[in-house]
Every structure is written in C-alpha cells, then in structure tokens.
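What Swiss-Prot says about this protein:
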type: TRANSMEM; residues: 11-31; note: transmembrane segment
type: TRANSMEM; residues: 51-71; note: transmembrane segment
type: TRANSMEM; residues: 78-98; note: transmembrane segment
type: TRANSMEM; residues: 101-121; note: transmembrane segment
type: TRANSMEM; residues: 134-154; note: transmembrane segment
type: TRANSMEM; residues: 162-182; note: transmembrane segment
type: TRANSMEM; residues: 206-226; note: transmembrane segment
type: TRANSMEM; residues: 245-265; note: transmembrane segment
type: TRANSMEM; residues: 273-293; note: transmembrane segment
type: TRANSMEM; residues: 298-318; note: transmembrane segment
type: TRANSMEM; residues: 332-352; note: transmembrane segment
type: TRANSMEM; residues: 361-381; note: transmembrane segment
Amino acid sequence: MTNSNRIKLTWISFLSYALTGALVIVTGMVMGNIADYFHLPVSSMSNTFTFLNAGILISIFLNAWLMEIIPLKTQLRFGFILMVLAVAGLMFSHSLALFSAAMFVLGLVSGITMSIGTFLITQLYEGRQRGSRLLFTDSFFSMAGMIFPMVAAFLLARSIEWYWVYACIGLVYLAIFILTFGCEFPALGKHAQHSQAPVVKEKWGIGVLFLAVAALCYILGQLGFISWVPEYAKGLGMSLNDAGALVSDFWMSYMFGMWAFSFILRFFDLQRILTVLAGMAAVLMYLFITGTQAHMPWFILTLGFFSSAIYTSIITLGSQQTKVASPKLVNFILTCGTIGTMLTFVVTGPIVAHSGPQAALLTANGLYAVVFVMCFALGFVSRHRQHSSPAAH
C-alpha cells in the first residue's frame, strides 16, 4: 500500500468520527428550534432524535457482516447519496414522519461510516501505534462536538433555519466522498484475495466479553454523567452559564487528553494504563459529585483529561484479542458502546425523576467503577501482549 493511499484512508477515518460527533452533539443546540418549527413541546421533540441513535446502532451492528459483502468504497459512495437525500428531506419537508425518517437515515449513514473508519485504522496500523492512531481519530468526534455547536449558534443567531446546520455537517461527508476517488480500500470477505493457506477462525476469548461490558458501562456512565451535570449544578445554585461552562470544560480537556494520550500510550502496556485511567476517572468523578462548588471545575477538567483515552483503548484492546483484526469483533464492541448511548435517558431519566440529578451522577460513578473492575480482570486473560507488535504494515 502506498503512503498517499494510507494517508487518504486515515483521513477518511478522521472525518467519519467528525461526522458522527457533529450529528450527535449538535442535537441539543437545534432541538428547541426544531420543536418550534413543528409546533411541538421540546420534551416530545427529543424522542424523535431516538431515530438518529437507532440508525447508528443498527448500522454499526449490521456493518460487521455488510463489510464482507459490499466493498467499503461502494458503501461510502452510496452513503453520500443517502446523506444528500436525508438533508434534502429535512429542508423541504414539514412532515414529522419524514423528519424522523431523515434522522434515521442520517444515523445509518454515520454509523456505517464510523464503523468503516474504525476498521480502517485497525487494518492500517498495528500494536501500540494502532492505539495512538485510534485515539487521535476519536479526538475528531470531540473536535466536531466543539466546532459544530458554534456553527449552529452562529447560524441560529442570524435567524437562518436550523436545517442549514445539517447541510454544513453534510460538507464533512462531501470531503469523505471526494477522498474515495483514486483510493484503494482493503478488500474483505468474498472480495479479498484468498491465499492457498486455509483461514483459521480465531476464538475471541473471555477478554472480549469484559471489554464489551466495559464499553457499554463507560459510554452509559459518561453520557449519563455529562447529561445531568447542568441540572445538578443549577440545583446547587450555579448560574446557567456556569453550569454550561462545566460541560464545555469537560469536552475541551477531553479533546486535549486525546491528543496527549495519542503520544503517551505508545510507551505503556495498554491494559495496565487503561486500568489506571479507569480507576482515576472513577475517583475523580466521585470527588466532583461530593466536592465543593469551588473545586468542581478543577475536578471536571481532570476527569475529562484522564477519561479521554478509555473508550478508544477498549476498542484497541478488543482488536488485539485476535491475531488478525476482526471487523466483527471491533463492531461488536462498538455496538455495545452504542447501546450505552441508546440507554442513557432510559436508565437515568427514571432515576432523576425519582431521586434527583445527584442520584444519576452517582449511578454513572458506579458504572465507571464497573469499567475499572472489567479492565483489571482483563489483565488475567488478555491476549494483546502476544498479538501486538510495534511496527505498522
């Protein structure tokens, strides 16, 4: 594989994460405007965004098999057509049913693209380099999560309709579409060149189960925590701006943490540093929940920084449980993480209604403790040390 081809594929991976990050994180910015557009209360409008999450979940789950049937380049190009149709549907339709369908299609497209992006990184890089590359790729999710809410705020402040925000997000996919030209993708399944040696199917092992549980608990814990921090802070008497600043601080330090750890991880055994980071994140979250208002910004900044490498390290370790990176295995762990996203309000909503926001934060803290236990237990069964090598292809 040529170096320019590898760079193109790597950029497709970066942009695939940016696309999903933009779609997921911009939701809160435009929800009120969309509710006004359809003359609905915001509470009932938020339910329609479940279609976006459902699309992401279904596509990541199915793409473990679709990758072996439909070439990756074909999937990405077809995804561009679907993206254009979905954005056009948002622009020209005043039907709530069509809006929900368009959101579902956007979810499908971003889920397929993100699973392809993850798989490309696991194919292009090996060993410790794979972990640092995946981490840098994941930082594009957070970067888009910082940039596109600002784009949305800029457009909405000038009374430009909300659907132009999604047109701007579509430009990310346009860049992916352009990059597919003159670019060779790894072939899978029936499209792959089969050698004379029979392919040995590898068993995943119990370590994959530990990592899948860790992925689900981590995402559910993280989103359950960050979704209710503003309400919790307001309950303590903080202003809306100060409560919002806590969330911004978290994502900002999360992004800087990803960049820092994409360099740091190369020098450590991945399972050991993951266990340390999971333990630190659980302790820092507990200190945030039980600490004074004066210390809350510092605790959430350090929590964002030290928890930034956890999810990507889980995926990287999963890909290293077999000698050859398996798209089904990587997608299985991604699916478990996405289930965590889907369950966020299903789990935390009733807890907040019954016991208040602090109970939701403590639940998230408990989930982080489960992540620590899973990562610690993984140390006894992980196969990554025998499968990882420091060199890239």
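Including glycine, each Cβ sits where the backbone N, Cα and C put it.
Counted over residue pairs 6 or more apart, the CB atoms of the transmembrane segment (134-154) and the transmembrane segment (11-31) come under 8 Å in at least three pairs, which marks the two as touching. Residues 8, 11-12, 15-16, 18-19, 22-23, 26, 29-30, 33-34, 37, 73, 76-77, 79-80, 83-84, 86-87, 90-91, 106, 109, 113, 144, 148, 151-152, 155-156 of the same chain, all 6+ positions outside the transmembrane segment (162-182), place their C-beta atoms under 8 angstroms from a C-beta of that stretch. Same-chain residues lying 6+ beyond the ends of the transmembrane segment (245-265) with a Cβ under 8 Å from its Cβ atoms: 128, 131-133, 135-136, 138-139, 142-143, 145-146, 226, 229-230, 233, 273, 296-297, 300-309, 312-313.
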